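Heads up, here are the entries from TrEMBL:
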ACT_SITE  Glu166  active site, proton donor
ACT_SITE  Glu246  active site, nucleophile
COMPBIAS  595-611  compositional bias 'Polar residues'
DOMAIN    376-482  domain 'Beta-galactosidase 1-like first all-beta'
DOMAIN    511-569  domain 'Beta-galactosidase galactose-binding'
Amino acid sequence: TRYVSGARSFSVDYKNNCFQKDGKPFQYVSGSIHYSRIPHYYWKDRLLKMYMAGLNAVQIYVPWNFHEEKRGVYNFSGDRDLENFLDLANQTGLLVILRPGPYICAEWEMGGLPAWLLQKPNIVLRSADTDYLEAVNTWMAVLLPKMRRWLYTNGGNIISVQVENEYGSYYTCDYNYMRHLRTLFQFFLGDDTVLFTTDGNTDREMTCGTLEGMYATIDFGTDVNISQAFSRQRRFEPRGPLVNSEFYTGWLDHWGDQHAQVDTQKVSRMLGEMLSMGASVNMYMFEGGTNFGYWNGADHDNRFRSVVTSYDYNAPLSEAGDPTEKLLAIRDTISKFRDIPVGPMPPATPKMAYGFVTLTMVWAYYSILYYQDPALFTYYGFMLYRTKLPRDLPEDTPLISPLNGVHDRAYVSVCGVFQGLLERDTTLVMNLTGKQGDQVDVLVENMGRVNFGSKINDFKGLLSNLILGKDVLTDWQIYPLDIDGAIASGWPQSGQRRSLPDPVRGPSDGPVFYQGTLTTNGLAWDTFLRLNEWTKGQVWINGVNLGRYWPKRGPQQTLYIPGPLLSPTQPNNITVLELERAPPHTRVLFMDRPQLNSTSGKTSQTTDRQT
């Protein structure tokens, strides 16, 4: 339905310290959900659960790199069909708070910025740098006109639009950049669209992140004094609604962390306190979802720390979209402030434990080279660097990355035999032996670009020389590997080319491809893949990249597999690239519940998530 613009309005009411919708005071209770982390066939289910929990809005990020992976090539279909998502939210009865960036943080690869921006090596991201702004202008000229008809005043459901993201936490503090974005957003969305900023709960962040003409909001979690935080917002925005744009229901996990847990009682109690003050609140996250493929981000405080595949976030809806205790407690709290929809909460999606599948070793990593397109360039995944040993090395000889230039992990083989690995910030030396002229392969894994802080110019690959004994290694041949393209087109299952080397026999160390098939006997249900005693790698099901596994470092032990990826009747192809060492049994296990904590054998941590 289209309405006369006059009948539909959304604005900040500075006189009565609230939002105004259609001329009446309005308070939102919203939850963050990221369409890029949930397969599109589940969007409707998740939005319905959010609506039934009593929310009247959802808050969403638009990851620029998800829609423009290659410069100038735009993708808005399938899992990237943002307008379909907006439409489903609208049909469900949910308003939308849109956060189009251009930078989004979100624990997402490079904070949503496309890696191709780094082809200008000196670019200053998130600033008035001309190369950066030119790219931003071009992207916003594609994205924002699509959003215009979805604005609430135009008959859609977008009530407000966030400009940038916690800009005050970034070192540049460039007001010209924020002015530029404000002008750009107003140009495409009109002057009466509510634009706002969100910043962390410190004076410095609020000072650098806020700007006249954009409503200043704040974000904070359960570890904070509410009235103190809101009085900080008041210093920057003396009148208007109190807004917590990211009230943290949980937290993220890096590899090697304990699985984050935030107390349910604290979340629901503080939510109640904020709502009783008349504040508008968005819960971050309401459902976290999954960093499929290579989309996870990373942090770099004193060292590089990559974010795990699961973005469960200990949120009210689990990674698989299931209601938890936390959801019910939150719904209970909301019901004290507004009428919530009558009727039962939609149930958890059915899960299936398909049991064990034994995989067989098929190819060493270098066989993928027979399938490569030499013109290819890749921003994500893996690159192969190849050279020859400059001299005989009968004794263990140190291979050193003196300038810490391995971004992020390097798997080193000589004549196809694995010798060890180098890792950014933590392992800068390993030993190897060999004969002059032996082929040296360095397979480098990009573990996800830094998404927060000053180090988001995160170049990947070998960034500086490797030194072997007293020689600098030179004459590298460099191969970008399109492993995903090969697997999506049926490799390694789809027959072999005659020029291929013989398949490997018996478990071997170093990067190796394994494959197997899962038959589901007619039921394609959600399931969780556990790679017990495998070390580290990547998994594909029917050509779809599920993400990284690293049970040895943890905490995450299982990968979420959405049921619609599986065929109920045909054998499902499982492909695993194990980078270090597979267990002798080469089995994987399909379970009916997740395990996001390293404490193997104990289910106490996972059972309380199943409600």
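Using the three backbone atoms N, Cα and C, a Cβ is placed for every residue, glycine included.
All TrEMBL annotations are machine predictions without curation.
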Excluding near sequence neighbours, so keeping only residues 6 or more apart in the same chain, what lies with its CB under 8 A of Glu166 (active site, proton donor)?
Cys105, Thr198, Asp199, Gly200, Glu205, Gly209, Asp219
Which residues does Glu246 (active site, nucleophile) neighbour through Cβ under 8 Å, counting only same-chain ones at least six apart?
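Within the chain, Glu246 (active site, nucleophile) has Cβ neighbours under 8 Å at Ser32, Thr198, Asp219, Phe220, Asn282, Tyr284.
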So what's the mean pLDDT when you look at the domain 'Beta-galactosidase galactose-binding' (511-569)?
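Result for the domain 'Beta-galactosidase galactose-binding' (511-569): average pLDDT 97.
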Count the residues of the domain 'Beta-galactosidase galactose-binding' (511-569) that DSSP assigns to helix (H, G, I), to strand (E, B) and to coil, and report the three numbers in that order.
3 helix, 27 strand, 29 coil
By DSSP assignment, list the helix, strand and coil residue numbers for the domain 'Beta-galactosidase 1-like first all-beta' (376-482), in that order.
0 helix, 56 strand, 51 coil
